[in-house]
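Novice: Got a structure here, written out as structure tokens. Questions coming.
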Amino acid sequence: MGANNGKQYGSEGKGSSSISSDVSSSTDHTPTKAQKNVATSEDSDLSMRTLSTPSPALICPPNLPGFQNGRGSSTSSSSITGETVAMVHSPPPTRLTHPLIRLASRPQKEQASIDRLPDHSMVQIFSFLPTNQLCRCARVCRRWYNLAWDPRLWRTIRLTGETINVDRALKVLTRRLCQDTPNVCLMLETVTVSGCRRLTDRGLYTIAQCCPELRRLEVSGCYNISNEAVFDVVSLCPNLEHLDVSGCSKVTCISLTREASIKLSPLHGKQISIRYLDMTDCFVLEDEGLHTIAAHCTQLTHLYLRRCVRLTDEGLRYLVIYCASIKELSVSDCRFVSDFGLREIAKLESRLRYLSIAHCGRVTDVGIRYVAKYCSKLRYLNARGCEGITDHGVEYLAKNCTKLKSLDIGKCPLVSDTGLECLALNCFNLKRLSLKSCESITGQGLQIVAANCFDLQTLNVQDCEVSVEALRFVKRHCKRCVIEHTNPAFF
């Protein structure tokens with residue numbers, strides 16, 4: 001299916017010989033005049049180009065008034081209505097004036113000092129500019145226009161906005177960036193289009209075809225993309241390491257395309273180089289899909305499966321078999337994960353540093369004991385809402401994971417001051433502790449924690465029956481600690 005889609009999209013892309021045939025453009029070629037009615041991005045991240053309004057590549061609604069040119073006339077985009085389109089500026093034209101007339105009209109101006117800088121210095125200066133400033137620089141003169149399109153300034157493309165026609169924007173941008181290196185954007189390493197709901201498989205296929213050096217792709221919340229498009233990207237971008245498909249409900253698996261598997265390309269060797277994978281809210285993902293992911297993505301170190309509600313302990317067994325290098329794992333709100341699943345996770349041993357099992361209602365002290373025994377270098381544990389955890393589970397954890405820095409055991413009603421005391425006497429490096437809605441916690445337990453964990457920075461005791469005196473005691477001993485509470489008498 002991926003191959004068929006590829007042929008369809010590819011044939012369409014070759015049918016156009018110029019950028020102007022794909023999008024309607026309306027530009028102001030007068031370097032000294034500022035364009036009006038162009039929405040500009042205020043993104044302060046200088047390393048990422050927020051292309052919601054990039055000139056060189058403007059993304060703006062066509063129903064805005066036409067851009068005013070130097071003579072006061074306007075040209076509007078009339079071929080496309082009711083959608084956001086990508087617009088690409090042409091270089092500012094060179095004014096042709098007879099030299100005698102120019103000399104007679106006014107004396108020739110001296111060259112500006114900034115124009116004496118070499119191109120590489122100008123590009124370095126441009127690299128520190130936000131997108132809206134780079135847009136203005138592109139309209140100053142022909143030289144600045146060309147420099148603004150230097151591929152080194154476009155290592156990252158970031159598109160934002162729910163209504164933007166992101167498929168067309170990606171097509172226009174990649175085509176322009178491919179002018180110096182036909183058909184490929186060798187410098188482009190990061191594409192972020194999270195929240196662009198109009199992104200479809202067509203847009204991802206454009207990325208797959210044109211960005212062989214892609215290392216990071218974020219398509220969070222783009223619920224129209226499917227497995228086939230993701231397969232195309234991971235098959236044609238062998239260097240991809242970071243993939244965020246959270247909220248993409250149609251994505252149920254990650255694998256190579258059939259063609260890539262048959263060819264056994266040396267770029268892959270049947271393996272995908274992804275190390276970071278976020279599949280939060282991919283609620284259609286099942287154990288078999290996770291099995292396929294684990295078998296192909298053996299280099300995974302960070303995996304987030306929050307609210308993948310169909311996963312069970314069996315899926316975690318597959319994961320541990322193939323992905324032995326996982327450092328961070330989240331299975332929060334996976335209601336079928338139980339102590340048997342934690343027994344499998346414990347096989348990751350000392351490599352595991354981060355674990356989130358929040359609201360996994362089937363987890364008890366038994367599962368916590370497995371993790372505490374084998375994952376001695378655990379630094380972060382989120383067990384909020386695991387109502388089966390008691391003081392015994394906290395004791396196992398405290399005595400074996402002594403370098404624990406962050407612990408969330410909120411909404412664990414069976415945890416009391418006894419568990420807190422054991423925690424305080426063993427985990428001196430604790431920096432973040434959440435006890436929200438722990439009904440059995442009192443001020444005495446908090447005082448023991450404060451007296452031993454001097455580096456505590458965040459303490460959540462909302463909906464806990466603790467006195468003002470206990471909170472003041474914590475504040476005196478942990479001066480940098482931010483206390484989240486619901487006691488109106490403490491401020």
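Backbone N, Cα and C define each Cβ position, glycine as well.
Pasting the feature list from Swiss-Prot:
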COMPBIAS  10-26  compositional bias 'Low complexity'
COMPBIAS  27-55  compositional bias 'Polar residues'
DOMAIN    111-157  domain 'F-box'
REGION    1-79  region 'Disordered'
REPEAT    170-195  repeat 'LRR 1'
REPEAT    196-221  repeat 'LRR 2'
REPEAT    222-247  repeat 'LRR 3'
REPEAT    253-281  repeat 'LRR 4'
REPEAT    282-307  repeat 'LRR 5'
REPEAT    308-333  repeat 'LRR 6'
REPEAT    334-359  repeat 'LRR 7'
REPEAT    360-385  repeat 'LRR 8'
REPEAT    386-411  repeat 'LRR 9'
REPEAT    412-437  repeat 'LRR 10'
REPEAT    438-463  repeat 'LRR 11'
Novice: With Cβ-Cβ distances below 8 Å as the criterion, list the same-chain residues six or more beyond the ends of the repeat 'LRR 9' (386-411) that contact it, or say none.
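Specialist: Same-chain contacts beyond the flanks: 357-365, 368-369, 371-373, 375-380, 418-420, 422-423, 425-438, 460.
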Novice: Treating G and I as helix alongside H, and B as strand alongside E, what does DSSP give for the repeat 'LRR 6' (308-333) in helix, strand and coil?
Specialist: 10 helix, 4 strand, 12 coil
Novice: Give residue numbers and ranges for long-range contacts of the repeat 'LRR 3' (222-247): same chain, 6 or more residues beyond its ends, CB-CB under 8 A.
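Specialist: Result: 1-2, 5-6, 193-201, 204-205, 207-209, 211-216, 253-257, 259-260, 265, 267-268, 272-282, 304, 306.
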Novice: Would you kindly list the residues that approach the repeat 'LRR 5' (282-307) from elsewhere in its chain, counting only those six or more residues past its ends and only Cβ-Cβ distances under 8 Å?
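Specialist: The answer is 245-256, 270-276, 314-315, 318-319, 321-323, 325-334, 356.
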Novice: Which residues of the chain, 6 or more past the ends of the repeat 'LRR 6' (308-333), have a CB below 8 A from one of its CBs?
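Specialist: Same-chain residues near the repeat 'LRR 6' (308-333) but 6 or more away: 279-287, 290-291, 294-295, 297-302, 340-341, 344-345, 347-348, 351-360, 382.
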